[in-house]
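Report on the following structure.
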Amino acid sequence: MSFFQCIGRSALFMLDPEHAHNLAILWLKSGLNSHKRIVDKRLSVRVAGLKFENFMGLAAGFDKNAEVVDAVFRLGFGFTEVGTVTPKPQAGNAKPRLFRLKEDEAIINRMGFNNDGHQIVHDRLQGRKKSDIVGVNIGANKDTLNRIGDYVAGITCFYDVADYFTVNISSPNTPGLRDLQARDNLRLLIKEISQARSENKKKHGFSIPIFLKLAPDLTEQELDDVAAELSLSDFDGLVVSNTTLFRQGLKKSAFMNEGGGLSGRPLFERSTIVLAKMRQKLGKDIAIIGVGGVWDAQTALEKIKAGADLVQFYSGMVYEGPDLAKNITKDVLQMMQQDGVDTIKAYRDHHVEKWAKFELHL
């Protein structure tokens, strides 16, 4: 057991979850984390035209405001995703809005896209030396009169500093946002964002990959609709998945009925089923980032086997500590050695059929 698991977690878990998160950001800002990322060509992957030093990324939600981008890479991540960022700064939903379900090793959040807004986050990213891969997760303000316009504004604002974009239309904490996943709305959203990318490509001289982040709470027909629209688009990939509104199978917890999206261990199965189904529906070429319930090398590799090219996590780090990316890296390399595998990509799609056969119970 690590120092964090023995001492650090107990101390942090005595604090309000949001306060503990803010302390983690301050710790990373301090520069006290001196880890070096393990560099091994077997972990390197090329996805959507980008070369990732390793396949593990920090999911959006941790570094919302791009305050600790470079420090995150010292934790062992191959890429990071900042945000969700909206055009105007917003405070988010009323507190308390973040809850630990310790019995389930899960988190419920209803943060509501609290962030510093486009301009401040852009300026922070512009002030760093661009080397490691940083994605920007874009969203819409709660009070906006033009949701799609907010996403277009995000593409334009961050085009010169982002390595890729994630279009977040799947947060359950902004009323009506998930309606953008409906087929007609999605078609219009994709059209407008693609046009924005085309215009910015002409202006800047290069193209930025765009990913769409999905909810895990869609029906089979809704997944078919998303797949159909993506197949007709020039989007580069999917992020599967966001948090879930479902609470089935949770242990007794004082917070299990709190409103908001559930992440952590209980999300692994559902998010992996959706991942595999989307891989089946979209074929082998489109890029997919697998998120949800990644806790160790086994769950990280299972995402790859279910069809992911890259993997992200955040909640796992809350429970397992800041060494999680480094530990997963070491364990994955050991497993690759045992399996006689030379590249992480060799595992992709091995278990797609296994996961895709499960029904999505709503």
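Any Cβ shown, glycine's included, is placed from N, Cα and C.
Here Swiss-Prot flags Ala60, Gly61, Phe62, Asp63, Lys64, Thr84, Asn137, Asn168, Lys213, Ser241, Gly264, Gly293, Tyr314, Ser315 as FMN binding site. Note: Tyr314 (FMN binding site) has non-local neighbours Leu58, Ala59, Ala60, Gly61, Phe62, Ser263, i.e. same-chain residues 6+ apart with C-beta under 8 A of its own C-beta.
DSSP gives Lys64 (FMN binding site) a coil state; it is part of no helix or strand. Residue environment of Lys64 (FMN binding site) contains 21 other Cβ atoms, counted within 10 Å of its Cβ in all protein chains. Per Swiss-Prot, substrate binding site is recorded for Lys64, Asn109, Arg110, Met111, Gly112, Phe113, Asn168, Asn173, Asn242, Thr243, and the stated evidence type is sequence analysis.
For Ser171 (active site, nucleophile), the same-chain residues lying six or more positions away in sequence with a CB closer than 8 A to its CB are Thr84, Phe113, Gly139, Leu177, Arg178, Asn242, Thr243, Gly261. Mapped onto three states, the DSSP output places Ser171 (active site, nucleophile) in coil. Per Swiss-Prot, the feature active site, nucleophile maps to Ser171.
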From binding-site residues Arg110, Gly112, Asn168, the one whose Cα lies nearest Asn137 (FMN binding site):
Asn168
Across all protein chains in the structure, which of the binding-site residues Arg110, Lys213 has the highest Cβ count within 10 Å?
Lys213
Whole-number Å distance between the CA of Gly264 (FMN binding site) and the CA of Arg110 (substrate binding site)?
15
Tell me, if you would, which residue among Gly112, Gly264 (binding-site residues) has the fewest other CB atoms within 10 Å in the structure shown?
Gly112
